[in-house]
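Working notes for the structure below.
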Amino acid sequence: EVKMAWCEGVLSLLLLLAVMATAAPTDTLQKFPLLMPHVKPERAETYFCTPIRIDPTVEYYITAFQPNASMETAHHMLLYGCETPGAEDEVWNCGEMALAQPGIKSAPVCGSGSQVIYAWARDAPKLVLPEGVAFKVGGKSPIQYIVLQVHYASVERFKDGSTDDSGVFLYYTETPQPKAAGVLLMGTGGRINPNSVEYMETACTITEDKVIHPFAFRTHTHALGRVVSGYKVSRKGYFDQWELIGKKDPQLPQMFYPIEKDLILKKGDTVAARCTMESKRDRTTRVGSTGVDEMCNFYMMYFVEGGTDKLLQRRFCFTSGPPGYYWKNDTRFRNLPVE
């Protein structure tokens, strides 16, 4: 019955997209709801995923994301672009290390071709991409499915039988846009010792012969995060030049904030990110999926001139974090910021 409902949902989506394509001019901005199908999570720290199949015969260009969620219920939401989804069910458990709800299949977010295209937390507002910039999906693009992942921080509001439709409204057009959008997600593993201040750091060097233009950034930690910052590091003579991409208190709304300085990243440049974590706990805190664990993430949203083939093939950049990795032990760096 679940698979039948999933097939019917896919058919309905394709029919809806076909109707909208014939009923409206191609330059008209359309709105599509990607929402949880009235699920009822039974335990806090549950991760649910639900997919939509994109019409493979038409290319769509997503230009804005409007969240439909509250931080009292959803700890965070992520939208993944996938070549194939992690499951063919309408809803599945997708939290890896987090708790799984009995009776619902467990599977990864994507079966193949995983990339983050949007993230939300702490009541962040709507995100509108710059003029001419869009995420290309469907058609011949590598994104054939979009999967919504919701991490439920609390299930109190569901104890009376209520259900949830948290998610994101996608704004899109069929008019091709000149600039393709992408996201580089940076993060760490590691641990934070009791009653300490710890720096969780990561870095990756661009090895592809491409030119990218960062235009927005987002920070994400759990309760111990105080500051998250990201930098462009380029070699100037013998020394490294560190240019700030973005810095933010992760306890503020975890939206994509605009990058104030025009930057260009190219082959040979390094992107470096740091999370300053302060623990007043009497226990060790490790990186993990639940609210009592921690995370250190820096998202860099960027555009390239031209099609999706100009985007970075590398979409994720992670290090082992403390105590195994620090910038000061990375031989790629010749000097570190003083601050």
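Numbers here mean position along the shown chain, with the first residue as 1.
Each residue, glycine too, has its Cβ placed from N, Cα and C.
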Disulfide partner of C82 per TrEMBL: which of C49, C110?
C110
According to the record in TrEMBL, which candidate from C7, C94 pairs with C49 in a disulphide?
C94
Using the record from TrEMBL, pick out the residue from C204, C275 that is joined to C296 by a disulfide.
C275
Once the chains shown are all counted, how many other Cβ atoms turn up within 10 Å of the Cβ of C296 (disulfide bond)?
33
Can you tell which of the binding-site residues H76, H220, H222 lies nearest to C82 (disulfide bond) in space, using Cα positions?
H76
Cβ atoms near C275 (disulfide bond) (within 10 Å, other residues, all chains):
30
Closest to M295 (Cu(2+) binding site): which of the disulfide-bonded residues C94, C110, C275, going by Cα position?
C275
Setting H75, H76, H151, H220, H222, M295 aside, what same-chain residues sit with their Cβ within 8 Å of the center of the Cβ atoms that define the Cu(2+) site, listed in sequence order?
A121, T221, G291
Counting by DSSP, what is the helix, strand and coil composition of the domain 'Copper type II ascorbate-dependent monooxygenase C-terminal' (180-329)?
6 helix, 85 strand, 59 coil
